[in-house]
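Colleague: Per Swiss-Prot, N-linked glycosylation site is recorded for ASN70, ASN114, ASN158, ASN200, ASN204, ASN246, ASN280, ASN286, ASN373, ASN462, ASN636, ASN652 (among others), and the stated evidence type is sequence analysis. Feature annotation from Swiss-Prot assigns S-palmitoyl cysteine to CYS789; the stated evidence is similarity to another entry. Residues or ranges marked as region 'V3' by Swiss-Prot: 313-345. The region 'V4' annotation in Swiss-Prot covers 404-434. Annotated region 'Disordered' per Swiss-Prot: 737-761, in sequence order. According to Swiss-Prot, the topological domain 'Extracellular' annotation covers 23-696. Residues or ranges marked as transmembrane segment by Swiss-Prot on the basis of sequence analysis: 697-717.
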Amino acid sequence: MGCLKNQLLIAILLLSVYGIYCTQYVTVFYGVPAWRNATIPLFCATKNRDTWGTTQCLPDNGDYSELALNVTESFDAWENTVTEQAIEDVWQLFETSIKPCVKLSPLCITMRCNKSETDRWGLTKSSTTITTAAPTSAPVSEKLDMVNETSSCIAQNNCTGLEQEQMISCKFNMTGLKRDKTKEYNETWYSTDLVCEQRNSTDNESRCYMNHCNTSVIQESCDKHYWDTIRFRYCAPPGYALLRCNDTNYSGFMPKCSKVVVSSCTRMMETQTSTWFGFNGTRAENRTYIYWHGRDNRTIISLNKYYNLTMKCRRPGNKTVLPVTIMSELVFHSQPINDRPKQAWCWFGGKWKDAIKEVKQTIVKHPRYTGTNNTDKINLTAPGGGDPEVTFMWTNCRGEFLYCKMNWFLNWVEDKDVTTQRPKERHRKNYVPCHIRQIINTWHKVGKNVYLPPREGDLTCNSTVTSLIANIDWTDGNQTSITMSAEVAELYRLELGDYKLVEITPIGLAPTDVKRYTTGGTSRNKRGVFVLGFLGFLATAGSAIGAVVVDVTAQSRTLLAGIVQQQQQLLDVVKRQQELLRLTVWGTKNLQTKVTAIEKYLKDQAQLNAWGCAFRQVCHITVPWPNASLTPDWNNDTWQEWERKVDFLEENITALLEEAQIQQEKNMYKLQKLNSWDVFGNWFDLASWIKYIQYGIYVVVGVILLRIVIYIVQMLAKLRQGYRPVFSSPPSYFQXTHTQQDPALPTREGKEGDGGEGGGNSSWPWQIEYIHFLIRQLIRLLTWLFSNCRTLLSRAYQILQPILQRLSATLRRIREVLRTELTYLQYGWSYFHEAVQAGWRSATETLAGAWGDLWETLRRGGRWILAIPRRIRQGLELTLL
């Protein structure tokens, strides 16, 4: 039994030691390299110096470097806030440049369009001539027709198959500046922008309406602007960063990209607005690669820049644009016909056939593709039906909107058999006809805009074709179609799809064995800070947690210094542009990012302050770690991996830290209040005596109120037995008070019970003993309170006495056990001491004997060696004798 008690005691002691030294507590680290996905607005920087471009973006200083990270991150070009912001912002740029702003509801009227006036310019005869000239027999394909820089038809604008623009002259009456007087106006429309009613052939006029007139969002351009594309880059606000997947195998979606770099800004990109093709992109390389949507067949194909693919468009003619004042503050621009207008057209240069062949080969090698491997069965096709922007290749040239019919180009690139096509499409050419529209469908939002007629003079645009927008479809592995697409937004998924925006989260939580302590008496190793800039501390993102914690102080300083530096740079450029930023959409975004970094830093410090860790790099907390089975591998885990593991615990840990800090503040407050009692002089302070007087008054008032309540209860109990005045004295407490009546006053008539005397003395009851009665009642009350308190204390003592006795007995037993154990230890120690002494004596004796024997042996050996010469001499002497 005693042995069992000893074992139990040892187990309890070991568990206590384990509970003290092995409990892990929450530790807060500030300056760790971790992040999470973010969706805040980015700001734009550009080197373009034209007015509207600099109004929209901040000046670009070109100092943006990338830093490689040893981490794995997921990337998606379609679920990406960077690409979504680019699409929205480029649309804002587009509208700012082209400016459709005046609603055209006054022009939704009936117009009289003169057919003979239109025919006089040959605007309709050419089309009918071409239509009727088609033979009805088996069609014959025309000879391949190509143009280049030296072709004469380029300069003369008379290449084969090009026509005149189909236009119609119309008149309409409207009320002008005078409300009661109408005025007739002339206007020339593109035939595709009008809807006319068919009338008899003898009538030269037709009733026509502007197309899409019932659409409420139709707007006319206030002013004619060029849509010159600009190159710009996106930059993250301070406290945020841009990660980029640097893997050459990245195809728009990669859940585990291991080649990640970080920067504060993206690469330069181009503001492209076109269907089918992407122009002047910045992602072209000496290879062809594909961005493929993760869930459907949408793709954006980057073309190999080795083939030098170009597209050059031209709008010939000498048009004149005149303003027509409809009413005050509303001007509509008309284009009278001064010369025979010619059709716009575009021609394609470079090794297009080789480029498309490489595109097909790249599709076959793509892991998402499961169609035929025969590139001859992969065809480049035009979409069928839909809006004009889908059916035609739509682009913008110097502010004009070109719609190009691409059949000739597709026939040329694919070497198609044109014998089965319609007569007008039966050509294989490297140029295509285009026409200009005033009413276009908006590419970003549902709606239509009306723009000014084309500007005067020749218009020429030269572009480099860098990408191809297409949907790839295949059926049964026999045929694959590369269908050209009108998704303008895909261009920006190619430009910025390898980026993702993240928010730096420098606060990390991890379990350690250290509890909260004060650092007032401790010393710190001073460490020199090597400022890498704001993103420098992310270089340790791929390092283990233990290695990062060593440098967390330097990293937190680097983080703050980088935020302040980046904030100052942004503030400087905003100051330089403040006059131009007042009326722009992006100006508001830029000003918004100006305060983001400081807000983020203050938010982090407020959170640290709520935990009692303000301005500390490593802060130990008294809160135990809530999940003992979840601990970091300090030598292998990175902070980013550890943050993902404990993400589900973060909310719970945060609540525990706040509760612990609140309790800590309460304890400090109570401790400070107790500090005022440690000085004896404070007990006699005037403020203290005022409090004592208040406490005394409270006691007196309480006793009085209690007595009143008791008296009322007693009176109510007496009333149940019979009536007696509440304030009358108890029985037998009466004293007669004699009063002398004035003889001059009339004598009061006798009453019943007066005794028949009308004399001068009378008596009435007075409660003179009532005060004595109250005193006795108060004494009785105090006696009752004293007896009850004494009874309560005696009962408490009686209840606690067995517990105290058992506790005392337990303590005695523990003391006996400890004394027994101590006796055992003392006996064992004495036995051990005696054994050591005996061993020492035995060893000493043994060593002494061994040393004597050894010394004797050495002495004899020495004597024998010393005797050798003497023996030799003696031998020689004997020999000589």
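Just so you know, glycine gets a Cβ as well, placed from its N, Cα and C.
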Colleague: For ASN114 (N-linked glycosylation site) and ASN280 (N-linked glycosylation site), what Cα-Cα distance in Å is obtained after rounding to a whole number?
Modeller: 43
Colleague: Counting distance between Cα atoms, which of the recorded positions ASN246, ASN462, ASN636, ASN652, CYS789 is nearest ASN280 (N-linked glycosylation site)?
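Modeller: Closest by Cα: ASN462.
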Colleague: Within 10 Å of each Cβ, count the other Cβ atoms, then let me know which of the glycosylation sites ASN158, ASN246, ASN286, ASN652 comes out lowest.
Modeller: ASN286
Colleague: So which glycosylation sites are near ASN373 (N-linked glycosylation site), with CA atoms within 10 Å, out of ASN70, ASN158, ASN246, ASN286, ASN652?
Modeller: none
Colleague: Show which residues of the chain containing ASN462 (N-linked glycosylation site), separated from it by at least 6 in sequence, have their CB under 8 Å from its CB.
Modeller: THR310, MET311, LYS312
Colleague: So how many of the residues in the region 'V4' (404-434) end up helix, strand or coil by DSSP?
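Modeller: Tallied per class, the region 'V4' (404-434) gives 14 helix, 6 strand, 11 coil.
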Colleague: Can you figure out which of ASN70, ASN158, ASN636, CYS789 (the recorded positions) comes closest in space to ASN246 (N-linked glycosylation site), comparing Cα atoms?
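Modeller: Nearest listed residue in space: ASN70.
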Colleague: To the nearest Å, how far is the Cα of ASN70 (N-linked glycosylation site) from the Cα of ASN286 (N-linked glycosylation site)?
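Modeller: The separation of the Cα atoms works out to 27 Å.
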Colleague: I'm trying to understand the geometry here, so how far is the Cα atom of ASN636 (N-linked glycosylation site) from the Cα atom of ASN652 (N-linked glycosylation site), in Å to the nearest whole number?
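Modeller: Checking the Cα atoms of ASN636 (N-linked glycosylation site) and ASN652 (N-linked glycosylation site) gives a distance of 26 Å.
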Colleague: By the DSSP assignment reduced to helix, strand and coil, which category contains ASN158 (N-linked glycosylation site)?
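Modeller: The residue in question, ASN158 (N-linked glycosylation site), is coil (DSSP, three-state).
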Colleague: Can you tell me how far the Cα of ASN158 (N-linked glycosylation site) sits from the Cα of ASN286 (N-linked glycosylation site), in Å?
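Modeller: Each residue's Cα considered, ASN158 (N-linked glycosylation site) and ASN286 (N-linked glycosylation site) end up 36 Å apart.
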Colleague: Tell me whether CYS789 (S-palmitoyl cysteine) sits in a helix, a strand or coil according to DSSP.
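Modeller: In the DSSP reduction, CYS789 (S-palmitoyl cysteine) maps to helix.
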Colleague: Could you state the CA-to-CA distance between ASN286 (N-linked glycosylation site) and ASN652 (N-linked glycosylation site) to the nearest Å?
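Modeller: With distance taken Cα to Cα, ASN652 (N-linked glycosylation site) is 52 Å from ASN286 (N-linked glycosylation site).
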Colleague: Got a sec? Which of these glycosylation sites, ASN70, ASN114, ASN373, ASN636, has the most Cβ atoms within 10 Å?
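Modeller: Per the Cβ count, the most surrounded site is ASN114.
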